[in-house]
Amino acid sequence: MTRNHRALLLLSLAALYTGATAAGAAARPRGVGPEFAKFYKDSSTFTCISNPSITIAYSAVNDDYCDCPDGSDEPGTSACSFISNFSPSFISDPGDEKSNRTPALPGFYCKNKGHKPSYVPFQRVNDGVCDYDLCCDGSDEWAHPGGIKCENKCKEIGKEWRKKEESKQKSLNAAMKKRRDLVQAASKLKKETEDRVKDLEVEVKASKIKVRELEKEVEKVFARDRGKIVKGKKQGKVNVLAGLARDRVEELRTSLVDVRFQKEQLETRLTELEGLLSKFKDEYNPNFNDEGVKRAVRSWEDYVAKDHSDMAPPHQDLDELTKPDGPDSGINWEQWENEQDESGMSLIYKVAAYLPPSLVNYMEDKLAEFRSLLISNGILAEPDTDSNETQAVREARDRLSAAESSLSTLESSLAEHKEDLGKDFGKDSVFLALKGSCISKDSGEYNYELCWMDRTTQKSKKGRGDTVMGNFDKVSSVTIDEATASGRIVPKEKVALEYINGQKCWNGPSRSTKIILECGENDEILKVAEDEKCVYSMYVTTPAVCESSNDKKASGGRDEL
Ligand code: MAN
C-alpha cells in the first residue's frame with residue numbers, strides 16, 4: 001500500500017473512530033495519554049516532541065506513516081513501532097534533541113474505562129490480537145484487522161482486578177502492621193542493648209577496680225606471709241635430715257613389702273611340699289625293701305619331730321609396719337617438716353598470749369613487713385614460693401582469679417553488645433527483631449535453614465550431617481530482572497542479606513548464601529538455588545522489607561505484594 005492509499009484509508013477510519021479533528025483546538029488524537037495532550041493542541045501543525053525542529057502538517061498525525069524520529073506523530077498506530085522496544089523507562093525528556101531516536105511516547109494509550117488506563121506497546125496496535133491484559137477496552141484493535149472485534153471487557157476485568165487489589169492491599173496492610181511491630185521490637189531491643197552497654201561499662205569499671213584491689217591484696221598477703229614461710233619445711237638442717245629420714249624409711253618400707261611378698265610365696269610352696277611328703281609317708285609300702293625310700297621316710301619323720309617354734313611369725317604386725325606414714329599412722333612427717341623453730345614468728349605468738357588481739361595483728365603485720373623488707377634487700381633468703389604459699393595467699397589468689405574471670409566475661413559481653421549496636425540491621429534496624437529466629441524449607445535432598453542474622457544451613461535428609469552455608473555478614477542489595485504483568489522485563493532492586501565464610505567446599509570456595517528478600521506477609525523461603533558450586537541464593541519473603549505506598553513513591557519502587 002502506498003503512503004497516499006494508507007493515509008486515505010486511515011483518515012476515513014479516523015473520521016469513524018474519533019481520531020484527529022481538523023478544525024479549532026484539536027481533540028486528543030487516538031493513542032495519546034493525557035500527560036502528552038499538550039503536544040497535540042495545535043490543529044494545523046504538529047512538532048515532533050523530541051525534535052522540535054521538525055514540524056509536520058497535523059493531518060500527518062496518525063496517518064500510519066512515521067515522520068518524527070521519536071515516533072510522536074504516530075501515537076495511535078504501529079507505524080513507528082520499529083524505533084525501539086516499548087518501555088516507559090525510555091520516555092525521553094520532551095524537547096531533548098539528543099534522545100531523538102528513542103520513542104517519545106510510552107505506547108498506545110488505552111482509556112480502559114471501568115478499569116485503569118494503560119499503555120500498550122505500539123507493536124501490538126492493530127496486530128489482530130486483543131490485548132486484554134493492557135487494553136481491556138479493545139481499543140488497540142481499532143482498525144479491526146482481519147475483521148477482529150475486541151469487545152470492551154473492562155467492567156469484568158476491572159472488577160476482578162479490584163478484587164485482587166483489595167486482597168493484595170489487605171495482605172500488604174497486614175504485612176505493614178507486622179513490619180511496624182518488628183520495627184518497634186527492634187527499637188526496644190536496641191534501647192535494651194544501649195542500656196545494657198551502659199550498665200556493662202559501669203560493671204566493667206567496677207570489676208577492674210575490684211581486680212586492682214585484689215591484685216594489691218595478693219601482693220600484700222604475699223608480702224606479709226613470705227616472712228612467715230621463711231622457716232618453711234625446706235629450710236634448716238633438721239628439716240633436711242627429716243627429709244632424708246623420710247626417704248630412707250620409705251625405701252625400707254618398700255623392701256619390707258617385697259620381702260614379705262616373697263616370704264608368703266615361699267610359705268605356700270613349703271606347705272605344698274610338706275603335704276606331698278606327708279602323703280608319701282602315709283601311702284608308701286614298708287614291705288618293699290627299698291633302702292632309699294626307707295631313708296627318705298626316716299628323714300621326714302626326723303624333720304617333723306624337730307622343734308619349729310623359731311619359725312613362728314615375727315611378733316610385730318607387718319600390716320601395721322607397711323602402712324604409709326601420715327597423720328593417723330607411723331610418723332607424721334608433714335608436722336615435723338612444718339614445725340616452726342622456737343624463734344622468729346613463733347616467738348611473737350608466745351608474747352601474743354599476753355597482748356590484745358589488735359596489737360597482735362599489728363605486730364604480726366609489722367614483723368612480716370620487716371621480714372619482707374629484709375628479703376627484698378637480699379638480707380633474708382627468698383622462700384620457695386611454689387609450694388610454700390600460705391593458705392591466705394592461695395585464697396587471695398583464688399579471689400583475684402575469680403574476679404579476673406568475671407571481668408573477662410563482662411568485657412566480652414560488652415564487646416558483643418557494642419558490636420551489635422554498630423552493625424547495620426537494615427532500614428529502621430528491622431532485622432534486629434528477627435535475629436535468632438529461623439525458618440526452613442524442604443528442597444530435594446536437603447532441608448535448608450535460614451537463621452536471621454546468624455547462619456544458613458544445608459541439612460542432609462540422608463543423615464550426612466549439616467553443612468553451614470554461610471555466617472551473616474551484612475545487609476546489601478541486589479538488582480534482579482523481573483517480568484511485569486504485561487510481560488515487560490524490568491530491573492528491580494531488592495534488599496539482600498549476605499552470608500559468607502560457610503563450610504569450605506571440596507575443591508572450591510567457602511560456602512556463601514545471598515538471601516534475596518521480597519515483601520510478604522510471612523517469613524518464608526520460596527526457593528533455594530545453587531547458582532555455582534557452593535554459592536547459594538535463597539528467595540525469601542518477609543514483612544521486614546515491606547514498604548507502604550508512600551515509601552514506595554519516595555523510593556520510586558513498584559507494588560510487590
Ligand atoms: C555437598 C552440598 C552441595 C555442594 C557439594 C560440593 O554435596 O553442599 O550443595 O555442591 O557438597 O562438593
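Yeah, the Cβs are placed from backbone N, Cα and C, and that goes for glycine too.
Note that this is a predicted model, so its numbers are computed, not measured.
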| request: Would you please say which range out of 85-112, 393-420, 449-476 has the annotation coiled coil in TrEMBL? | output: 393-420
| 119-171, 172-224 - the range that TrEMBL marks as coiled coil | 172-224
| query | Apart from its near flanks, which chain residues at least 6 from the ends of the coiled coil (249-283) lie with a Cβ under 8 angstroms of it? | reply | 296-297, 300-301, 318, 321-322, 324-325, 330-331
| field | Same-chain residue ranges lying at least 6 outside the coiled coil (393-420) that approach it to Cβ under 8 Å | value | 193, 196-197, 200-201, 203-204, 207-208, 210-211, 214-215, 217-218, 221-222, 225, 432
| task | Mind looking up the mean pLDDT for the coiled coil (172-224) in the predicted model? | result | 95
